[in-house]
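J.: Okay, handing you the structure first.
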Amino acid sequence: MHLPKAELHLHIEGTLEPELAFALAARNGVDLPYADTEELRTAYLFDDLQSFLDLYYALMAVLRTEEDFAELADAYLARAAAQGVRHAEIFFDPQAHTDRGVPIGTVIEGLGRALDRSEETHGISTQLIMCFLRDKSAESALETLEAAKPYLHRISAVGLDSAEVGHPPAKFREVYAAATALGLRKVAHAGEEGPPEYIREALDVLGVERIDHGLRCMEDAELVDRLVSERIPLTLCPLSNVRLRAIDVLEQHPLRSMMDAGLLCTVNSDDPAYFGGYVGDTFHAVHEALGLDQEQLRTLARNSFEAAFLDHDEERRARYLSEVEAYAFD
Ligand code: ADE
Ligand code: ZN
């Protein structure tokens, strides 16, 4: 669906398509434990977040050089452009690479190479959000922020991802305070598999401005009221929720009731190479499965630009919003 939109919840490592994974494996002499792309795709049946993360981290072994990261990002941007994305705030997981001996500079400069030419090549403005892996220690997150200091001009925000349950936001209080002092914006995954309390903690302890997922807020009416009145954006990922079994089928996704409750919902792809679709596909899927009409889809697109970190460039936000209003569905 070509409706103009911003993508605010996208893990660049989760855009690694099997074809690119095998091409990079061959180039870098990395052995993958799958015969071919078809066999690899058969592994894409997940029981929960952890079963996905195991494959997601394992496949990153093929990413080694700046050029690899540049190719990965460029391939995503080309696909996103074809689905109407005009602005992308892109997550990356530095610890998943530095732990394998790939320097953080290789990751950031490689991604940066693709992002620098994105507006010209793909018509997409971009930002980078550096995520801490919450199943690693708070010290490791602090070391990562320290290691990123030479590259802060390329990073607009910090985030928090990986295995949620048992790793509450408060574990990362210190590193989020340090990120704030460095002028970075803040988001965090919360309420994907973890309880509503993690959403509250991300707001109160970490001071995040958006909640990634936030699906489980619906179990807590008081929290919903707060999210509505404070206009906290939620970056929902409906196809991800189905594939990781947070919900059984897309028809049961609470997106419609969340919008009806007045929540500032956005729709995103999370890890599109693994979850069966990019963000335009996701818009199409919620239209089909939940019967969202064209005006509701337009609201989701409008929300995505309202929730984007474009405060330094309100002119651009206004331009994107006017593209949403002008869009004619076919
Ligand atoms: N890393 C990549 N995708 C993720 C997700 N859906 N939840 C948490 N961490 C992730
Ligand atoms: Zn995510």
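Cβ atoms are placed via backbone N, Cα and C, with glycine included.
A quick note: this is a predicted structure, and the numbers were derived from the prediction, not measured.
Below, the features straight out of TrEMBL:
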{"type": "ACT_SITE", "residues": "Glu192", "note": "active site, proton donor"}
{"type": "BINDING", "residues": "His9, His11, His189, Asp270", "note": "Zn(2+) binding site"}
{"type": "BINDING", "residues": "Asp271", "note": "substrate binding site"}
{"type": "DOMAIN", "residues": "4-317", "note": "domain 'Adenosine deaminase'"}
{"type": "SITE", "residues": "His213", "note": "site 'Important for catalytic activity'"}
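So where do these features actually land, and what's packed around them?
T.: In the three-state DSSP scheme, Glu192 (active site, proton donor) is classed as coil.
Less than 8 angstroms from the CB of Asp270 (Zn(2+) binding site) sit His9, Leu10, His11, Gly14, Cys237, Leu239, Ser240, each of them six or more residues away in the same chain. In the three-state DSSP reading, Asp270 (Zn(2+) binding site) counts as strand.
All protein chains included, Asp271 (substrate binding site) registers 23 other Cβ atoms within 10 Å of its own Cβ.
Using a 10 Å radius centred on the Cβ of His213 (site 'Important for catalytic activity') and all shown protein chains, the other Cβ atoms total 27. Under the DSSP three-state reduction, His213 (site 'Important for catalytic activity') is assigned to strand.
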J.: May I have the list of same-chain residues other than His9, His11, His189, Asp270 whose Cβ is within 8 Å of the Cβ centroid of the recorded Zn(2+) site, in sequence order?
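T.: Result: Leu10, Gly14, Phe91, Asp161, Asp212, His213, Thr235, Cys237, Ser240, Asn268, Asp271.
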J.: Got a sec? Which of Glu192, His213, Asp270, Asp271, the recorded positions, have CB under 6 Å of any ligand 2 atom?
T.: Asp270
J.: Can you tell me the three-state DSSP label for His9 (Zn(2+) binding site)?
T.: coil
J.: Return the members of His189, His213, Asp270, Asp271 (the recorded positions) with CB less than 6 angstroms from at least one atom of ligand 1, or none.
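T.: Listed by sequence, the hits are His189, Asp270, Asp271.
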J.: Given a 10 Å Cβ-Cβ cut-off, pick out the one of the binding-site residues His11, His189 that has the most other Cβ atoms nearby.
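T.: Output for this query is His189.
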J.: Distance between Glu192 (active site, proton donor) and His213 (site 'Important for catalytic activity') at the Cα atoms, whole Å?
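T.: Glu192 (active site, proton donor) and His213 (site 'Important for catalytic activity') have their Cα atoms 5 Å apart.
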J.: What's the CA-CA gap between His189 (Zn(2+) binding site) and His213 (site 'Important for catalytic activity') in angstrom, rounded?
T.: 6
